[in-house]
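J.: Sending over a structure as structure tokens; questions will come in a sec.
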Amino acid sequence: MNVIWRNCICRLRQGKVPHRCQSGVHPVAPLGSRILTDPTKVFEHNMWDHMQWSKEEEDEARKKVEENSATRVAPEEQVKFENAANKYWDTFYQTHKNKFFKNRNWLLREFPEILPVDQNTKEKLGESSWDPARSSISRTQGTETHRQETFVSSEPGSRERSASNPDLEEYSRGPRKAEQFPGSKATFRILEVGCGAGNSVFPILNTLQNIPGSFLYCCDFAPEAVELVKSHEAYSEAHCSAFIHDVCDDGLAYPFPDGTLDVILLVFVLSSIHPDRMQAVIHRLSRLLKPGGMLLFRDHGRYDNAQLRFKKGRCLSENFYVRGDGTRAYFFTKGEIHRMFCEAGLHEKQNLVDHRLQVNRKKQIQMHRVWVQGKFQKPSCWTPRSADEHALPSPD
């Protein structure tokens with residue numbers, strides 16, 4: 001066992017490295033073992049895991065954010081960016097096609113809940129061409145600087161719902177026999193919100209094709225993005241349904257009933273939505289889950305290098321910015337994520353801040369990357385207000 005791995009194990013035992021909590025019987029995901037123990041060797045690799053910030057570094061980051069957010073975008077311009085959000089992303093995909101983002105081969109490492117786990121699945125996974133050793137989140141995550149958009153509201157029900165829970169009844173009955181929809185015969189259903197050009201879709205499909213009864217939905221509000229997914233050689237209507245959907249429009253129906261999804265994937269999507277709409281989006285998505293279903297989240301964290309790089313005049317509101325191409329990004333704390341998802345009635349299974357150090361060896365530059373990752377489960381008796389009873393103490 002090499003020095004780096006021994007150091008990682010030591011830190012885990014001392015409680016200095018956040019555990020990637022898992023739900024159910026899924027195996028524990030790897031933590032990332034590339035620990036920088038000798039600062040003189042910082043440029044030997046492109047990314048270092050579990051970096052601890054010094055007080056000076058955090059103070060400097062806070063100062064940069066105060067400076068770049070001092071001047072705000074004019075209100076009339078902010079309205080334009082909100083109303084034309086889908087057009088900016090559509091233009092983005094018309095320009096970059098599927099060349100901008102790398103495939104997220106790290107997804108199944110961090111989120112094994114994406115797959116159903118039983119004996120048959122384990123046997124099928126042994127036949128899968130996806131190799132978990134082929135790619136690591138710590139090596140591929142650095143290019144994630146853009147992303148997409150999500151969805152809207154749900155009326156809170158009474159606190160006491162047990163046998164009369166409509167979602168539970170819907171799930172226990174299953175889809176009505178007369179009701180046919182894409183994936184209606186599947187036994188395990190996943191939805192990726194904000195699928196873009198398919199950088200999550202196709203790594204997932206590569207494995208799902210070996211698992212009978214599984215089906216993947218994916219949506220985006222940029223028509224060009226959905227067309228890129230559908231035109232991909234690996235796209236198959238037998239295993240996947242891609243559709244155009246603006247999740248901020250609560251008047252739009254999904255192509256499947258509420259309470260039918262086992263997993264929702266929300267990766268670098270929520271940050272592009274206006275902060276005033278985020279809570280309604282999470283409430284609506286929660287209704288789509290089966291009881292026991294999981295919502296898997298990863299997005300930009302507060303003081304990420306991408307936030308520090310914004311120039312003055314690009315700030316829309318506190319920690320919310322617009323890029324030069326008109327797309328937007330918010331930078332979260334784990335406390336904000338905790339409050340929003342638990343307010344939607346989901347139970348927190350994981351909520352951590354992922355600090356990494358990315359380096360440019362050619363330019364000899366060091367950049368702190370910060371992401372927030374969470375896993376939230378829908379209880380069997382679900383109402384948006386159930387968070388009051390089941391939420392963990394709010395983290396900082």
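Positions of Cβ are set from backbone N, Cα and C atoms, glycine also.
Curation plays no part in TrEMBL annotations; they are all automatic predictions.
Annotated compositional bias 'Basic and acidic residues' per TrEMBL: 170-179, in sequence order. What TrEMBL lists as domain 'Methyltransferase type 12' is 191-295. The feature region 'Disordered' is assigned by TrEMBL to 123-180.
Mind running through what each feature is packed against?
T.: Broken down with DSSP, the domain 'Methyltransferase type 12' (191-295) shows 33 helix, 29 strand, 43 coil.
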J.: Which whole-number mean pLDDT does the model give the domain 'Methyltransferase type 12' (191-295)?
T.: 94
